[in-house]
Every structure is written in C-alpha cells, then in structure tokens.
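According to TrEMBL:
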type   : residues : note
COILED : 83-117   : coiled coil
DOMAIN : 6-82     : domain 'ATP synthase F1 complex delta/epsilon subunit N-terminal'
DOMAIN : 87-130   : domain 'ATP synthase epsilon subunit C-terminal'
Amino acid sequence: MSTVTTSIVTPDGPVLEADYEMVSCTAENGELGILPGHIPLVAPLKVSSVRLQIKGRTDYVAVSGGFLEVRPDRITILAQTAESAADIDVDRAEQAKKRAEKRLQDKQANLDQIRAEQALNRAINRLEVASHSR
Ligand code: ATP
C-alpha cells in the first residue's frame, strides 16, 4: 500500500516523522482522513488526536491546535504542542484537569473561565490519547 511522509512539528521541535498509509485528524470544520496523493489543503485543527495508520497499527498524537498542511507527497502538522501517546504524563494531565475544573467552579472573570475551559480541553484530550498507549 502507498504511504505519505508525515511530520508533526511544534515550536520546541519535531515530534514525529514517518510514513503512513492514512492520517486522520480533527479540523475546525470536521473530521479529515488523508490518503497518499490527496489534493493540497490547509486546515486549522482542533485540540484533538491525530491518528496515523500503518500496517494495521495506529499511532496516536495529542495536538493542541495548529494547522494541517497536505501536499500530494507530504503531510505536515504544525501544532502549538504535540505529544505521542506514550510520552504523555497521565498524572500531570489529571492534575491539569482537576485544576481547570476547580477554576471553572470558582466565580471568576470571563477570560479566566475561557482559559480554564481551554486547559480542561487540553487535559481531557491528553488523557484520551494516553489511553491508546501500549
Ligand atoms: P500543564 O498545566 O500541565 O502545564 P498545559 O495544558 O497548560 O498543562 P501546555 O501549555 O499545553 O500545558 O504545554 C506546555 C508543554 O508541556 C508542551 O511542551 C507540552 O507538550 C507539554 N505537556 C503538557 N502537558 C503534558 C503532559 N500531560 N504530558 C507530557 N507533556 C505535556
């Protein structure tokens, strides 16, 4: 089966580069499944998981926002943060989730509520992706 070279990059450096048969991710507009030879595309991504399939295996990476760029021979994801499932510190994500939930219960300014919701979203996403770690 043909493959497409896929890289995930953050401001801290590259997180992953490998060949995959299919890459699925969650754009602001909905789910995308990218196969080799896909037409060029740029799409903003949600805080979500990127699922990368090769030879019956699926690798999972948690991304916090960013952009997907598709070219026929290459997929690039530029994300603010990205962690492979095995690299996620579950205790840290659980602590972040608790902190965010506590902040959401407190009556505070709107900005803090939005930031707490975003932090909660990131933590829930990391915990979901970490659950796929083998
Ligand atoms: P925290 O409050 O735990 O820092 P956060 O959502 O505010 O969580 P980010 O600002 O999104 O953290 O990320 C800061 C850096 O820490 C990034 O490099 C990110 O990849 C890393 N990171 C955040 N949470 C985790 C985690 N649970 N496991 C591994 N790396 C993490």
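All positions are counted from 1 along the displayed chain.
Cβ atoms here come from the backbone N, Cα and C positions, even for glycine.
Nonlocal intrachain contacts for the coiled coil (83-117), taken as residues 6+ away from its ends with a CB within less than 8 angstroms of a stretch CB, comprise 15-16, 59-62, 123-124, 126-127, 129-134. Each residue of the domain 'ATP synthase epsilon subunit C-terminal' (87-130) gets a DSSP state, and the totals for helix, strand and coil are 38 helix, 0 strand, 6 coil.
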